[in-house]
Amino acid sequence: MAFEWSDDNNADSSSVVHSPAVKEEEEEEEEEGNLEFSQLLLWKASSSSSINSSVTNITDLPPALVSEILCRLDPKELGVISCVSTLLHRLASEHQGWKNFYCERWGLPLAPKSISSPGGKSWKDIFIERESRSRTFLGRYSIDILYGHTEAVRSVFVLSSSNLIFTAGYDSVIRMWDMEEGFSIASSQPLGCTIRALAADSKLLVAGGTGSFIQCWKAVEDLPHLFHLAASHTTNNSEFLQLWEHQGPVTCLALDPFRIYSGSWDMTVRVWDRSLFKCSMVLRHNDWVWSLVPRASTLASSAGGNVYFWDVDTGDLVSVLGNAHVGNACSLARSHMGDLLFTGGDDGSIRMFECTKNCNFSLVASWNPHSDSVNSLAFEFPWLVSASSDGKMSLIDIRKLLKSSRSPAKVNQVAVTRTIVEPPQRMLHGFGWSLFSVGVGGDRIVCGGEEGVVRVWNFSQALEIEQRVQALREMRLDNRMQRRKLQMEMNLKGSQGHQCSVAAKNQMNINGNRNGSWHGRRGVGGKLKA
């Protein structure tokens, strides 16, 4: 979380009456702040480093050790430290820990700018900008409705990196939309079956449904919108492929840089090699597969009411989370690092689990925002969005459940506060139809359902308001700091002028005494002459 200046703190600092020794007092306060935070940081590092007891200030530590200490702080602590003194501000702002925080939450940005590049943003600025954007889902929004499908929309996928939305459903047609403008870009030929799953990245688009096959489109170079959807198997186009091996409807799809994952009601998950487009692994379940989410070398899948955890490098079943829901576990979502797992079920509940390194699951929180089955989940830190057959969407902010551990042995690890039931932060409703799929990207939430239209919840207005508020806050802070600086200069000049006036007065007194004594001598001399 990015640290922001508090108006109350600034008001207190501006109301201080400055003495003639303001500069010296501020230097002493800065040294005390350095000492206080140095002791805190030394305590942070005491678990892994032996430090000389004679060290009392962070400036006395080697740069490598200082960097290691800062790596053990969370974003809020780094933000607090950067406000203590100019030295700590420079150390905390330029630290590479901001890059780690960003990548842990959202992954690498599309075109990251180097800190050393001319005019490029620092990782701290990029982190703060993305963190402020994540608050927009609590602000104002507008709703855009995309028409084009003739029947219910079963699946939506948001490719925010290219500003594209992909939708499909019972009409067996895949449509591609411009996320910013909201117009239809292209549509595919009818595939002859209900499309239940979509997945895409900048190089590949895959779709699957009741036809038991996976339809693949390769990205076309120099094509502004990546994929030539109108291509079909009758055109002998190398960008158009079909994968046949499932024996039942394909219900879920996912991509990573090297693999394609597909789950089916034939009770299997198949792992495909992206370069060869061949099945390399089959993961068998005991019930219909409803959802799957890969992260790194692990895969979470749901079949029936159970959640399975797989090692995709070896194909081994690592652990099973039994009876996660009453009924089927219809939807899954995971955090970017894979340490948090979210499940939605037929019982209308949403549950959050923590995954340890040993692939053990522990229940963290449970929500009951819906009265019908949770058909889809989407997660983009810190928001978890759900779509349900009751026609409602819930927005859940998980930040308050995540707290940094204060234990020296577990610094920089996530400690999760165990709770039983948590209310959602926001509910979006009024559809009157079942919702089947939801996607999140940037400042948009996209959903599709039985109504046969695609709704886009646009929070860009809230983002603009947040940016204006942030700009005004920074302007007030700058003005306050400038007034404080001018006040300090005036106080210093006043103290110097007072010292000069005192010195001049003393000098005048001395001169006056001398003049009086000489006049007395002259007077005496005159009388003697007389």
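Cβ from N, Cα, C; glycine included.
It should be emphasised that the depicted structure is a prediction, and the values quoted were computed from it without experimental measurement.
Database features (TrEMBL):
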REGION    1-34  region 'Disordered'
COMPBIAS  1-10  compositional bias 'Acidic residues'
COMPBIAS  24-34  compositional bias 'Acidic residues'
DOMAIN    55-101  domain 'F-box'
REPEAT    146-187  repeat 'WD'
REPEAT    243-273  repeat 'WD'
REGION    509-530  region 'Disordered'
COMPBIAS  519-530  compositional bias 'Basic residues'
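Per-class residue totals from DSSP over the domain 'F-box' (55-101), listed helix then strand then coil: 32 helix, 0 strand, 15 coil.
Listed as Cβ neighbours of the repeat 'WD' (146-187) (distance under 8 Å, sequence separation of 6 or more from its ends, same chain) are residues 110, 193-202, 205, 207, 209, 215, 225-230, 436-442, 444, 446-456.
Per-residue confidence over the repeat 'WD' (243-273) averages out at a pLDDT of 95. Helix, strand and coil content of the repeat 'WD' (146-187), in residues and according to DSSP, is 3 helix, 22 strand, 17 coil. DSSP places the residues of the repeat 'WD' (243-273) in helix, strand and coil in these numbers: 0 helix, 20 strand, 11 coil.
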